[in-house]
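*Asks:* My questions all concern the structure below.
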Amino acid sequence: MIRVPVLRLPHGAGLPLPAYATAGAAGMDVVAAEDVVLPPGGRYAVATGFAVAVPEGYEVQVRPRSGLALKHGVTCLNTPGTVDSDYRGEVKVILANLGQEPFHVTRGERIAQLVPCPVTRAELHEADALDGTARGAGGFGSTGR
Ligand SMILES: O=c1ccn([C@H]2C[C@H](O)[C@@H](COP(=O)(O)OP(=O)(O)OP(=O)(O)O)O2)c(=O)[nH]1
Ligand SMILES: [Mg+2]
């Protein structure tokens, strides 16, 4: 468990803060803070009505809900979304409607889930050459041919 300060914004008044739906849930469900209609093929950054201060060394991932994906073709376009530890703006959920019908987001409806994760940062050292491997530069489906 990490402690994450959360600030409710004025338009988030009356909404539940992100919460775990069950004892073993990995993600905290997030509700929409606004009503919006996503046409087929449409995308929109849905307001959540809160901001967070993620501790240094962590991020918060914004992930889709499988029920919305399966039933309606609605997902987070940038999944997993990244909330940086130095971000203090409103958390938004970038929903995309990949389904065939318009999708109505209703204020208070659960639209995504938040998963805090530890972050490993790297220091890059520019090199003249890289060590050799059996794979080499092969990628993008190169194995098993
Ligand atoms: O699903 C998301 C993804 C991002 N963000 C916020 C928090 C994050 O810290 C900030 C920037 O996100 P990201 O780094 O993914 O976007 P960018 O296009 O690189 O923007 P920036 O130049 O502001 O970093 O936007 C969200 O609220 N929800
Ligand atoms: Mg960025």
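Just so you know, glycine gets a Cβ as well, placed from its N, Cα and C.
Those TrEMBL annotations? Automatic predictions, nothing curated.
So TrEMBL says this about it:
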DOMAIN    16-144  domain 'dUTPase-like'
BINDING   Arg65, Ser66, Gly67, Asn78, Thr82, Val83, Asp84  substrate binding site
*Asks:* Sort the residues of the domain 'dUTPase-like' (16-144) into helix, strand and coil with DSSP and give the three counts.
*Replies:* 7 helix, 51 strand, 71 coil
*Asks:* Around the Cβ of Thr82 (substrate binding site), how many other Cβ atoms lie within 10 Å? Please give the count over every shown protein chain.
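*Replies:* That number is 13.
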*Asks:* Fewest neighbouring Cβ atoms within 10 Å: which of the binding-site residues Ser66, Asn78?
*Replies:* Ser66
*Asks:* Could you pull the average pLDDT for the domain 'dUTPase-like' (16-144)?
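*Replies:* On average, pLDDT over the domain 'dUTPase-like' (16-144) sits at 98.
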*Asks:* Can you count the other CB atoms that lie within 10 A of the CB of Gly67 (substrate binding site)?
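*Replies:* Taking every protein chain into account, the count is 10.
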*Asks:* Neighbour count, 10 Å Cβ-Cβ cut-off, for Arg65 (substrate binding site): what number do you get?
*Replies:* 19
*Asks:* With respect to ligand 1, which members of the binding-site residues Arg65, Ser66, Gly67 satisfy a Cβ distance under 6 angstroms to one of its atoms?
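*Replies:* Cβ < 6 Å from ligand 1: none of the binding-site residues.
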*Asks:* When neighbour density is defined as the number of other C-beta atoms within 10 angstroms of a residue's C-beta, which of the binding-site residues Val83, Asp84 has the lowest density?
*Replies:* Asp84
